[in-house]
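Noted in Swiss-Prot for the protein shown:
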- 8-260: domain 'Pyruvate carboxyltransferase' (DOMAIN)
- R16: site 'Transition state stabilizer' (SITE)
- R16, D17, S170, H199, Y290: substrate binding site (BINDING)
- D17, H199, H201: Mn(2+) binding site (BINDING)
Amino acid sequence: MNETRTTVFVQDVTLRDGMHAIRHQLAPGEVAQIAAALDVAGVDAIEISHGDGLAGSSLNYGPGSHTDWEWIEAAAANIQRARLTTLLLPGIGTVDELRKAHDLGVRSVRVATHCTEADVSAQHIETARDLGMDVAGFLMMSHMAAASELAAQAALMESYGAHCVYVTDSGGRLTMDAVRDRVRAYRDVLDATTEIGIHAHENLSLSVANSVVAVEAGVTRVDASLAGQGAGAGNCPIEAFVAVANILGWQHGCDLYQLQDAAEDLVRPLQDRPVRVDRETLTLGYAGVYSSFLRHAEKAAQTYDLDVRTILTEVGNRRLVGGQEDMIVDIAMELSEVAADR
């Protein structure tokens, strides 16, 4: 008897999470090139928006070089087969932005909340379902909630209508066992028809390993990006993940060489800071800090003549979450005053 092959839905996040790595500065022409390359390379879905989701362009999160609509239009015009996806954080993006994105061709949305605040996603998930969209719940900073607590939040998102719920390791803090425990906890409480996804970051150099363990535990949707382009040390590098998937005999639609070419030729040249594990990005994972805080902390460190790691460690101690970017400057000011008093 032939065993059923593991099938993986590969979701590329280069044009959304990858925006953090380049401070949300990307021309529509560059979006068009990358989207076209991803589509030809066979990814299942392509996510596009400001790094912090629809309407994320702001002084707090970082202004984008262009609007979400310009980026979405550029991607939509160059995708023939992949599912065009976007991200929405309730409190930043609204159902009006969601409807406009749908009008421009977006057919899937991930509704993201902090890992203990799934209840704020109800209106947005329900609206997306009413629009006929594929909907995933995105529980960010998943390391900050125990597996059972996180699973209860996932069940809430499912009850609102989510087709899939993600273990979202925004801080790149989860180890393989921690990922496995959370996926199994999801599976214990979610309906068999509800999919589970994994969104990993590379801060502890575990993004590929965590994604593989997640699939082995029952995940079907995997986030990844070209050259790992993403916040902090980046996301799971799609080329490496696809290579491992090939070795393991998993079924997917991606062409490894085309992904490698797109990563090297289109994405790496965009980086104004290497997307890699280094002393700063490793600190993100070690301290359990939201990966997109990196560039904000680096700017504050330069302004107040501090070690970035000192700021990030204190951010981790205070358990800051997405949306509290403005507090990074406050922390830097406090640390600078303490240093001056010594």
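Using the three backbone atoms N, Cα and C, a Cβ is placed for every residue, glycine included.
Across the fold, the C-alpha of H201 (Mn(2+) binding site) and the C-alpha of S170 (substrate binding site) stand 7 Å from each other. Within the same chain, the residues at least 6 positions away from D17 (substrate binding site) whose Cβ sits under 8 Å from its Cβ are E47, G51, D223, S225, Q229, G230, A231, N235, listed in sequence order. H201 (Mn(2+) binding site) counts 31 other C-beta atoms within 10 Å of its own C-beta, drawing on all protein chains shown.
Here the C-alpha separation of R16 (site 'Transition state stabilizer') and S170 (substrate binding site) works out to 13 Å. In sequence order, M140, M141, S142, H199, H201, A231, Y290, S291, S292, G322 are the residues near S170 (substrate binding site), counting only same-chain partners six or more apart with C-beta under 8 A. Look at H201 (Mn(2+) binding site): DSSP puts it in a strand. Apart from D17, H199, H201, the residues listed for Mn(2+), the same chain places the Cβ atoms of V13, T168, D169, S170, G172, A200, D223, S225, G230, A231, N235, C236, S291 within 8 Å of the centroid of those Cβ atoms. On the 0 to 100 pLDDT scale, the domain 'Pyruvate carboxyltransferase' (8-260) averages 98 in this prediction. Of the chain residues outside the substrate site list R16, D17, S170, H199, Y290, V13, H20, G51, M140, T168, H201, G230, A231, N235, S291, S292 have their Cβ within 8 Å of the site's Cβ mean position. Of all residue pairs in the substrate-binding list (R16, D17, S170, H199, Y290), the one with the greatest Cα separation is 16 Å apart.
Its Cβ placed at the centre, Y290 (substrate binding site) has 28 other Cβ atoms within 10 Å.
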